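Trainee: According to TrEMBL, the compositional bias 'Polar residues' annotation covers 1-10. What TrEMBL lists as region 'Disordered' is 1-20. Positions annotated as transmembrane segment by TrEMBL: 55-75, 104-122, 128-150, 171-194, 200-221, 254-276, 288-311, 323-351, 396-415, 427-451. Residues annotated as domain 'Major facilitator superfamily (MFS) profile' in TrEMBL: 253-468.
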Amino acid sequence: MSASSQTSTVPGEHAASTASPATSAEKIGLLEKIGYGCGDLASNFIWQAMSIFIVYYYTDVIGVAAGIIGSIMLFSRVFDGVSDIAMGYVIDKTRSRHGKARPWLLWLAVPFALSAVMLFAVPDVSPFWQVVYIAVTYNVVCLVYTGLNVPYGTMNSLITQDQYQRSLLNVYRMSLALVGVLLVSNLTLPVATLLGGGQFGWVVTFMIFGSIGTALFIFTFKTTRERVKPASQRQRDSTVSLKESLLTLCKNRYWALATSFILMTYIFNALNSGAVVYYAEYILDDTWMVGIVTTAYIAFILVGMACVAPLTKRYGKRNAIIVGELITIFGYLVMLIDLSNVTLIIAGTIIRGIGKAPINGSMFAILGDTIEYGEWKTGIRNEGMVYSGGSMGIKVGSGLGTALIGWVLAFGGYVGGGGEQSATALLSIQTLFIYLPLALCVLLIVLMLFYDLDKRYPSIIEDLKARA
């Protein structure tokens, strides 16, 4: 079913808009929180598994040069980042009996799974046509993911307007997302090997992951409900133009800060998840350490997530994020004591996991809060466009991070397929797993120092209610 068939554009009058005040006080049930979180669990069964292993698969299984893969990833993700803005506008225009964002999960769950399987089914043709196939299928996966992830992120602000309830939804989202990362990190290589290894094993593995992801997306669709509606007749009739929506974003400095934060965080995530495969094999000399390191990292993020909502409620999301980044930096400093010492790597990873909890638990919540700021400043509420920034940050950040893996490995003289690596190749792997993520943590702290919306948000909500 096309988006256009769900859209209506009837002229209406211009007025300042805000969501119904009643929605901000409504509590969200446990099943709905779990259902919402399962949407990111679904994404991670496909997207995160792909992000962790795609460069490794193309370089070590298919045999494509790392530098070529890095360039494809960057171009595709930057191009796809532009499509996020378009998708955000489509969501703001969508009208259906299921809502404006929620139905997209139902429509695109199966295409997402199928496109991911095709990504691994690289034909046995000449290297040139293999690269063409990879570029085309990778762009298709990214575009379909846009159609799922932008509306999924938008749902947070459509389920509730309450700042604390949004934080809780985000905690469930990120906790279940991490469960997904934990599962795919530990299961992908063993399952692919169990199924015979090589390309066949990988394709069947992603058929299984795709089926699980589809079922979880449908569960999210069935258990969630959109409650928040714009109060202005003009926005209910969907007559706000694309130009107006874009101008609204340009005037929202907190949206720019939150989007930049998400982008840089996903560069960090891509480096952390993609480089661990190489670090375990060539620095720690044990590929099974991929699962151990990833499990330690995610397990302690999950432990920390239990405290995120009350901490952010008391101290604010920005302050919690800054403390989290400082703890993460300390974890890297522990790892730097001895780069090949397994005990120190695991200890540093545990510390990093604790530090990342408030970051993962808050970053999409701060993006959601910028919706009300933009509405307060401009009179236009555009959840889809705002969350398209978050999705753009995810895709462009992941693309840059994945591209950096390919480029830095190529620059260091890495040779795919195993065996001895040169000293510069080993340094490139250490740079990807430790030095670059450490530098990003410092930059993220600097960025958050400019974000002061937490203390302004309550008065903005009161002002919006007074205008309604």
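Just so you know, glycine gets a Cβ as well, placed from its N, Cα and C.
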Trainee: Does the structure show the transmembrane segment (200-221) and the transmembrane segment (104-122) touching, where I'm treating 3 or more Cβ pairs under 8 angstroms (sequence separation 6 or more) as a contact?
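Mentor: Yes, the stretches contact each other.
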Trainee: Take a look at 104-122, 254-276, 396-415, 427-451 and tell me which one has the most Cβ pairs under 8 Å to the transmembrane segment (288-311).
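Mentor: Result: 254-276.
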Trainee: Determine which residues of the chain contact the transmembrane segment (323-351) at the Cβ level, with the cut-off under 8 Å and only residues 6 or more beyond its ends counted.
Mentor: 283-284, 286, 289, 292-293, 296-297, 300, 357-359, 430, 434, 437-438, 441-442, 444-445, 448
Trainee: So if I exclude everything within five residues of the ends of the transmembrane segment (427-451), which remaining residues of that chain have a CB under 8 angstroms from its CBs? That is, six or more out.
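Mentor: Beyond its ends, the transmembrane segment (427-451) has Cβ neighbours at 254, 257-258, 260-261, 264-265, 267-268, 271-272, 274-276, 278-279, 282-283, 318, 321-322, 325-326, 328-329, 332, 335-336, 339, 359, 366, 404-405, 408-409, 411-414, 421.
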Trainee: Does the transmembrane segment (128-150) reach the transmembrane segment (396-415), going by 3 or more CB pairs under 8 Å (6 or more apart in sequence)?
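Mentor: Contact between the transmembrane segment (128-150) and the transmembrane segment (396-415): absent.
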Trainee: Please report, as numbers and ranges, the same-chain residues at least 6 past the borders of the transmembrane segment (396-415) whose CB is under 8 Å from any CB of it.
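Mentor: Contacts of the transmembrane segment (396-415) (Cβ under 8 Å, skipping residues fewer than 6 from its ends): 51, 54-55, 65-71, 73-74, 76-78, 80-81, 262-271, 274-275, 278, 421-422, 424-429, 431-432, 436.
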Trainee: If I take every residue in the domain 'Major facilitator superfamily (MFS) profile' (253-468) and average their pLDDT values, what number comes out?
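Mentor: In the predicted model, the domain 'Major facilitator superfamily (MFS) profile' (253-468) has a mean pLDDT of 90.
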